[in-house]
Amino acid sequence: MNDLKPFVAKVAAREALSREDARAAFEIIMSGAATPSQIGGFLMALRVRGETVDEIVGAVGAMRARMLPVEAPEDAIDIVGTGGDGAGTYNISTLASLIVAGAGVPVAKHGNRALSSKSGTADALSCLGVKLDIGPEAIARCIREAGVGFMFAQQHHSAMRHVGPTRVELGTRTIFNLLGPLSNPAGVKRQLVGVFAPQWVDPLAEVLRDLGSESIWVVHGEGLDEITTTGVTKVAELKDGKIRSFELTPESFGLARTTLDALKGGDGAHNAAALQAVLDGEENAYRDISLANAAASLMIAGRATDLAEGMAIGREALSSGAAKAALQRLITVSNAA
C-alpha cells in the first residue's frame, strides 16, 4: 500500500497503530508518496492522541532503514535532545559533547539546525567553523582523530526532506522530535537522551531497550530536554536490559541551583560565542549545566563510576584545555574533508 489516508483515519479515530502499521505509514511518508496535508494531519493526529511505544519503534525502523550510516567505535556515545522544549537555552548538549570528547570518550553527535528554537547544534557548530556538509567517511575520521564527529541529520536522513517543510510550517513538536535521537547514524548503543516533556522519559527508555541499546539515560529537567540545574531532573536509566527510574537535583552534582533566565541563549552566533567563552575558561551557569550533562554521559559511557567522578573528569577536560582542543581538532579535520 502506498496511501497514507487509511493510517490518518485510524489515528484520527484514536486507534493505536501496530509496529508494522507504524513502520508502513512512515515508509509512505519517507518515500515521498504522501502529500503535505496528509503528513501534517497524520503528525498532529498522533500528537493529540499521544504516540505509543509501538508506533515509535515502528517509525524508528523506517527511519533507520533509510539512513546513511557512519562508522564509529563500539564505545561511542551520543548526547542529544529531542528539541521542542521551547526553552531557548544555550547549546548544552553541544558543549557537553566537547567536554566528554576532551575526557577521551568518542562522541558521535547527531543533531540538526533549529526548527522550534533559535539555535540547534548545527547552527552553533557552523558558527564556530565546523564544516557540516561532509560525508560518512569524513565524519568517521572526525570521530577517530578529533574524538568527536557531528552528523547533520538532513544529510543522513535525506528522506526527511519530505517532512521538513511541514514540520517548519507546523512550528510545534511532533513525533519526529522523538525519532531523531533514536536514529543515530552511527548506531550508538550508549546515549544521554533529553526529552521535551516528563511523560516521555519512561516510554523512550522502553523504546531504546526494544531497539537494542545498552546503556542509556533518558532525562527531562523541569521543562528542559536536558539534565537541569534549575531543579529536579527525572531520569530513566537503561542498563543490562533493566530500566530504573530516579530523580536528580543540582546538589547531586555538587552544584548550586540557577534560574532558567541564566541559561537562555540566542541565535547560532550568540550561542557559539558563549560556548567558546566557557572553553576559554569562563565559569557560569552554562558551564555548570553542561558539566552536569557531561558527568552523566561519562557514567553512561563507563568512564566514571559516579557523578562526583564524572564532574571531576569534566572539570579537568575544561581546565586542561582538552575540551577546547577537541573542538579545534573537529574544526581542522572536518575542513580537511
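Cβ coordinates come from backbone N, Cα and C, glycine included.
Per Swiss-Prot, the feature anthranilate 1 binding site maps to Gly81, Asn112; the stated evidence is sequence analysis. Per Swiss-Prot, 5-phospho-alpha-D-ribose 1-diphosphate binding site is recorded for Gly81, 84-85, Thr89, 91-94, 109-117, Thr121. Summarising the annotation, Swiss-Prot assigns Mg(2+) 1 binding site to Ser93, Glu226. Among the features that Swiss-Prot reports, anthranilate 2 binding site is placed at Arg167, with the record citing sequence analysis. For Asp225, Glu226, the entry in Swiss-Prot reads Mg(2+) 2 binding site.
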Can you tell which of Ser93, Asn112 has the most other C-beta atoms within 10 Å, given these are the binding-site residues? Ser93
Distance check, please: Cα of Glu226 (Mg(2+) 1 binding site) against Cα of Gly81 (anthranilate 1 binding site), rounded to an integer number of angstrom. 7
Would you count the other CB atoms within 10 A of the CB of His110 (5-phospho-alpha-D-ribose 1-diphosphate binding site), including those on all shown protein chains? 26
Near the Cβ of Gly81 (anthranilate 1 binding site), how many other Cβ atoms are there if near means within 10 Å? 29
Nearest of the binding-site residues (Gly81, Asn112, Arg167, Asp225) to Ser93 (5-phospho-alpha-D-ribose 1-diphosphate binding site), judged by Cα-Cα distance: Gly81
Roughly how many Å separate the Cα of Arg167 (anthranilate 2 binding site) from that of Thr89 (5-phospho-alpha-D-ribose 1-diphosphate binding site), to the nearest whole number? 21
Alpha-carbon spacing, Thr89 (5-phospho-alpha-D-ribose 1-diphosphate binding site) to Asp225 (Mg(2+) 2 binding site), which is rounded to whole Å: 10
Please work out the number of neighbouring Cβ atoms within 10 Å of the Cβ of Thr89 (5-phospho-alpha-D-ribose 1-diphosphate binding site), leaving out its own Cβ. 24
10 Å Cβ neighbour count around Asp225 (Mg(2+) 2 binding site)? 28
